[in-house]
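**Student:** Annotations per Swiss-Prot:
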{"type": "COMPBIAS", "residues": "24-33", "note": "compositional bias 'Polar residues'"}
{"type": "COMPBIAS", "residues": "34-45", "note": "compositional bias 'Basic and acidic residues'"}
{"type": "DISULFID", "residues": "Cys104-Cys124", "note": "disulfide bond"}
{"type": "DISULFID", "residues": "Cys250-Cys294", "note": "disulfide bond"}
{"type": "DISULFID", "residues": "Cys280-Cys335", "note": "disulfide bond"}
{"type": "DISULFID", "residues": "Cys287-Cys337", "note": "disulfide bond"}
{"type": "DOMAIN", "residues": "46-163", "note": "domain 'CUB'"}
{"type": "CARBOHYD", "residues": "Asn25", "note": "N-linked glycosylation site"}
{"type": "CARBOHYD", "residues": "Asn55", "note": "N-linked glycosylation site"}
{"type": "SIGNAL", "residues": "1-22", "note": "signal peptide"}
Amino acid sequence: MLLLGLLLLTSALAGQRTGTRAESNLSSKLQLSSDKEQNGVQDPRHERVVTISGNGSIHSPKFPHTYPRNMVLVWRLVAVDENVRIQLTFDERFGLEDPEDDICKYDFVEVEEPSDGSVLGRWCGSGTVPGKQTSKGNHIRIRFVSDEYFPSEPGFCIHYSIIMPQVTETTSPSVLPPSSLSLDLLNNAVTAFSTLEELIRYLEPDRWQVDLDSLYKPTWQLLGKAFLYGKKSKVVNLNLLKEEVKLYSCTPRNFSVSIREELKRTDTIFWPGCLLVKRCGGNCACCLHNCNECQCVPRKVTKKYHEVLQLRPKTGVKGLHKSLTDVALEHHEECDCVCRGNAGG
């Protein structure tokens, strides 16, 4: 009887130890799974910093063969030059565990932009090779995760390369001072500026603000004459199709012209150098006679004034005289088709 009691007590203690061990093993698996979820790109224990100055590659372990199971690997590529970017190109031999419901849940490779933490992409399966990825700065992060089931082959290989910064053009169209340029070369340099302030800074770097302000001081001259001609209101009639043909056939339309060429002035520079004017254009497809013998010509021409900056060489000394002036350019108000042997189309 005593022996039977000892056997029962020993069995109970053994069962308790077995249950404790099983529970401990289960807790360890859960803890491992939890750690695996947290060991992302933010966990420095799994991150390997790779300093690069040229081309190279990284790949899954044992590439191009079956990669190991239950892994988390992170590479952070850092270019030596801070002004460059990094481009990633995936090898055509790409294959990881297939996605589930089009989501890469188990085995995948992921690329992250460290500057803002955004994920550029996550890929798995073997159907399509991922496209090229480019960093915003001089570093980029790559993460590879495999779970404990169904490893695949060949894994992945990523080739990295350095993208040099693009050379930006200088804001000044000419590095030479205005006094060293001929008038034609200076005209080309002046035309390249996009704002009046940039132009005056180039012409007078030491006193550009004074010169700019003096251009707009009130004078006794009437500057900036702008004569606007009202457009004739269109009368709607039943023959709408014919009116549309007239509208887009021989009609006044915008043309850009060079002021120097229009005024035949080679001794002066104007800014802006080109302006929009109305000039007759289009075809004469609906003329009454042979249309090949018809030409679209202006029927009414007017002069309109445009205020521009005028630059003229000073007499006897170096430098340019700067002033706002009005230039008169021809505008075509009305057009007509003139055919050979007939006054109208």
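Our numbering is plain: 1 for the first residue shown, then up by one each step along the chain.
The backbone N, Cα and C atoms fix where each Cβ goes, and this holds for glycine too.
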**Student:** Specify the secondary structure state of Cys335 (disulfide bond) as given by DSSP, simplified to three classes.
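**Tutor:** It is in a strand.
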**Student:** Looking at the recorded positions Asn55, Cys104, Cys124, Cys280, Cys335, Cys337, which ones sit with their CA no more than 10 Å from the CA of Cys294 (disulfide bond)?
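**Tutor:** Checking each Cα against Cys294 (disulfide bond), the hits are Cys337.
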**Student:** Looking at the recorded positions Asn55, Cys250, Cys280, Cys335, Cys337, whose Cα is closest in space to that of Cys124 (disulfide bond)?
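**Tutor:** Minimum Cα distance from Cys124 (disulfide bond) across Asn55, Cys250, Cys280, Cys335, Cys337 lands on Asn55.
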**Student:** Look up Cys294 (disulfide bond) in the DSSP assignment and report helix, strand or coil.
**Tutor:** strand
**Student:** Compared by Cα position, which of the recorded positions Asn55, Cys104, Cys250, Cys280 is the closest one to Cys337 (disulfide bond)?
**Tutor:** Cys250
**Student:** Measure from the CA atom of Cys335 (disulfide bond) to the CA atom of Cys250 (disulfide bond) and give the result in Å, rounded to a whole number.
**Tutor:** 6
**Student:** If you measure Cys104 (disulfide bond) to Cys335 (disulfide bond) at Cα, how many Å is it?
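**Tutor:** A Cα-Cα distance of 67 Å.
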**Student:** Around the C-beta of Cys104 (disulfide bond), how many further C-beta atoms are within 10 angstroms, looking at every protein chain?
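**Tutor:** 19, counting other Cβ atoms within 10 Å of Cys104 (disulfide bond).
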**Student:** If one measures from the C-alpha of Cys335 (disulfide bond) to the C-alpha of Asn55 (N-linked glycosylation site), what distance in angstrom results, rounded to a whole number?
**Tutor:** 64
**Student:** Which site among Cys250, Cys280, Cys294, Cys337 has the most other CB atoms no more than 10 Å from its CB, taking these as disulfide-bonded residues?
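**Tutor:** In terms of Cβ crowding, the pick is Cys250.
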